[in-house]
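Participant: Structure in structure tokens, see below.
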Amino acid sequence: MSPYVFLIISISLFLGTSLTLFSNHWLLAWMGLEINTLAIIPMMTYPNHPRSTEAAIKYFLTQATASMLVMFAIIHNAWMTNQWTLFQMSNSTASVLMTLALAMKLGLAPFHFWVPEVTQGISLPSGMILLTWQKIAPTALLYQISPTLNMKVLITLAFLSTMLGGWGGLNQTHLRKILAYSSIAHMGWMIIIMMINPTLALLNLLIYIIATLTLFLMLNFVSVTKIKSLTNLWNKSAPMTTAILLTLLSLGGLPPLTGFMPKWLILQELVSHDNIIMATLMALSALLNLFFYMRIIYASTLTMFPTINNSKIQWPYPQTKTINIIPTLTIISSLLLPLTPLLTTLMY
């Protein structure tokens, strides 16, 4: 891709998200979402391949449907309340419609079917942007309308997302699909707490983005897309394998890693608001996610797939990809649990 084209696309992505984040009017927020959607499509179709083209079309159709629902909810709310400002989503029907539309944009179950297919069809850098940056704008809208959300709808979306995100990833062999199902489950954790404690939902999103970003950068650096390829990584780069495994465990929410922090705080909030059954179900669904991360770890450290070349010595070649940011991100996504008291103090 030409650097000029890449620059224009990157600026458009940043502009779209910024417009949604800083707007106070529903039409401006909607325009931001549209710019975001249209900006990433050229990035998804590079390099040009039938699979990437198919993924881009699936993404466009889903996002266009969600945008139509967003606009319908905006117009319905304006018709009923005569308000166009973001904080005035006081009509219950409009609020439910907006929640469902943003759930479709985020890839929450039962609107999750596009996420694994699209992520699988595109390159690792495009998949990284899709599963991290593209989550920010819809989450910002949910955060701003959080007082008017319907808790029953949120619980349904969250429960389905965490369960289907866990079950769906169990039999996958492609790492991009596993990360897509992981994204569905994490969005479920975020949505369950959005009405009770929106700041905690943002903390959960931030930690998820950092961990997923770290994992995608490492997989892109070693050019690995399947579990089978990951099994041969330990004799090429043992430190990189260790970092990948740590980040996977953190994504799974295993203490004492960073990923345990949002899950712990969310369960604590649910229990304090007398949602004990939901907290139990969410904790059980986290075990499904942890299981398929453990499966990757088992395959990549305790077994070795049969290979044609059994030599442990790799042919030396110059590495063109940079790893400057990976060590910092790995530390952040693995070792922030002791800072939990500080973060809770800042949140409350």
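Backbone N, Cα and C define each Cβ position, glycine as well.
Quick paste from TrEMBL:
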DOMAIN    23-287  domain 'NADH:quinone oxidoreductase/Mrp antiporter transmembrane'
DOMAIN    290-343  domain 'NADH dehydrogenase subunit 2 C-terminal'
TRANSMEM  5-22  transmembrane segment
TRANSMEM  28-47  transmembrane segment
TRANSMEM  59-80  transmembrane segment
TRANSMEM  92-115  transmembrane segment
TRANSMEM  151-171  transmembrane segment
TRANSMEM  178-196  transmembrane segment
TRANSMEM  202-222  transmembrane segment
TRANSMEM  243-264  transmembrane segment
TRANSMEM  276-301  transmembrane segment
TRANSMEM  322-343  transmembrane segment
Participant: If we call contact 3 or more Cβ pairs under 8 Å (sequence gap 6 or more), are the transmembrane segment (276-301) and the transmembrane segment (151-171) touching?
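Facilitator: Taking Cβ pairs at least 6 residues apart, the transmembrane segment (151-171) and the transmembrane segment (276-301) are in contact, with 3 or more under 8 Å.
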Participant: Quickly jot the same-chain residues contacting the transmembrane segment (243-264) by Cβ under 8 Å, restricted to those at least six beyond its ends, or write none.
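Facilitator: Long-range Cβ neighbours of the transmembrane segment (243-264): 182, 186, 189, 200, 203-204, 207-208, 210-212, 214-215, 218-219, 230, 233, 283, 286, 289-290, 293-294, 296-297, 300-301, 326-327, 330, 332-337, 340, 343.
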Participant: Look over the recorded stretches 59-80, 92-115, 202-222, 322-343 and say which has the most C-beta pairs under 8 A to the transmembrane segment (28-47).
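Facilitator: Ranked by Cβ pairs under 8 Å, first place goes to 59-80.
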Participant: Relative to the transmembrane segment (59-80), which of 92-115, 178-196, 202-222, 322-343 accounts for the most Cβ pairs at distances under 8 Å?
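Facilitator: Looking only at 92-115, 178-196, 202-222, 322-343, the most contacts with the transmembrane segment (59-80) come from 92-115.
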Participant: Of the listed stretches 92-115, 202-222, 322-343, which one has the most C-beta pairs under 8 A with the transmembrane segment (178-196)?
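Facilitator: Maximum Cβ contact count belongs to 92-115.
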